[in-house]
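K.L.:
I am attaching a structure below and will ask some questions about it afterwards.
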């Protein structure tokens, strides 16, 4: 069993300036957290490390979009209609709860994905009462998780705080496609705040109303979901918990990436590659391999936009296995939906190696109907119809009795006909499919702190890798003699100017100062002592094993650069 301690971790994190409850002097507000000086530095280092993986190494580009979005954009994405949690309320004390969570707490049953009526019946059949006062609970209803606001002083335009960063990438897709010279595949990332008005956020950093995401949207040809670098990761071991094994309750299975792909456990090569990349990132920042597993979404919990989705989960002692990353194949849902709602063609033209003769289904506008109906717009509408996916038009007419073009013009079954035609084509137009790794930065930081804390009875410290530690080196004069203090201050100044996050500490005994630095995860301590004044060398101490070596002052920077990695 993995040995971690939530209470001890959070005690140290609060005490030493990593994480604090927000608005403490006003009794606090659930679902919000402050990052103290060390926490904010750690967070920025992790986000920058993420950029190294996804922007520098993968060659993706980062954009930044507004955190407030208009209602029509989120209507198109499905969030207005589908971004809901099941809620119930106590009839006596009026406290509200997530219905699936209160059932799971009371019965141990996993009920995620069940319909509201089913949850209501379970609450009734099991006699589940309010945890606070024992009162009866109401029927279960859907509660939309988005924060609503009004845009502009007149208050006539509804907006929402964004529930994810992804939509800010999908909406400017036409400009992004042009930037990438109209070629697939390409990747775009965004890091920033997202917002979800959680019903009852009682799990600290695990369930926040304002949280930080790092998301990549990789646009790929639906017919070619491969990855050029798969060979580099094919032997990586993944601890998988596929949907089938969950339903059989048969536990996880360790497989190489190549084995998982060949067995059809993971749906595509590109998705498998990104599971491996996520694991490599987490291990790089210091989360141990045995604390991680990859759980596939069950059919009942699969997001409305996904055909395959895996959560990277981390073990915790207080919350069990928690999701810290979601990696999904979103198919063409987002681009197709935004195309339909906005009237913009968000397809990509993929050129064939040589022209092909094909038979295809074509739409034939009836100008005798469109002319009187749309007058001056008729010719443009006829042209626009020829650019729309014919299957999309036929499906809408069959299922809904109408097709809405460009979000405005209603096309009825009598307005068009369909025919099979033969033509020579030089390429095909497709909606790209999207592979999305979505990282919950706050949960990752919590997981890292939880699994980094060492409390062996003699010392308590965060064993953070040097490249993510918020303070990289502390400089200590052995005693408070002026010559030692001045030399230590000069070394600290030089380290900062050389790109290190360094601090100077002369308060208390040398043992107490080592302990203080260890506790916050400082990997290296430089001690200025009597020998320093004689021969220009300092003691360089390693946090993890307390080993010490003598280093010349002029060699300190290159030595630390090598150790930091």
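Along the chain as shown, the residues are counted starting at 1.
Backbone N, Cα and C atoms are what each Cβ position is placed from, and that goes for glycine too.
Under the heading substrate binding site, Swiss-Prot lists 98, 164, 211, 212, 213, 214, 215, 436, 437, 438, 439, 440. Summarising the annotation, Swiss-Prot assigns ATP binding site to 196-198, 206-211, 323-324, 440-443 and lists sequence analysis as the type of evidence.
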K.L.:
Taking the Cα of residue 198 (ATP binding site) as the centre, which of the binding-site residues listed as 98, 211, 213, 215, 437, 439 lie within 10 Å of it?
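P.N.:
Qualifying among 98, 211, 213, 215, 437, 439: 98.
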K.L.:
Hey, what's the Cβ neighbour count for residue 443 (ATP binding site) at 10 Å?
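P.N.:
If we count other Cβ atoms within 10 Å of residue 443 (ATP binding site), we arrive at 22.
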K.L.:
By a simple count of other Cβ atoms within 10 Å, which of 211, 439, the binding-site residues in the record, is least packed?
P.N.:
211
K.L.:
Ranking the binding-site residues 198, 215 by other Cβ atoms within 10 Å, which is at the bottom?
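P.N.:
Each of the binding-site residues 198, 215 was scored; lowest Cβ tally within 10 Å is 198.
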K.L.:
Listed substrate-binding residues 98, 164, 211, 212, 213, 214, 215, 436, 437, 438, 439, 440 - what's their greatest C-alpha to C-alpha distance in Å?
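P.N.:
The span, Cα to Cα at its widest, is 27 Å.
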K.L.:
Which of 324, 441 (the binding-site residues) has the most other Cβ atoms within 10 Å?
P.N.:
324
K.L.:
Spatially speaking, which of the binding-site residues 98, 211, 213, 215 is closest to residue 441 (ATP binding site)? Use C-alpha to C-alpha, please.
P.N.:
213
K.L.:
Including all protein chains displayed, how many Cβ atoms other than that of residue 209 (ATP binding site) lie within 10 Å of its Cβ?
P.N.:
19
K.L.:
Looking at the binding-site residues 209, 324, 443, whose Cα is closest in space to that of residue 437 (substrate binding site)?
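P.N.:
In terms of Cα distance, residue 437 (substrate binding site) lies closest to 324.
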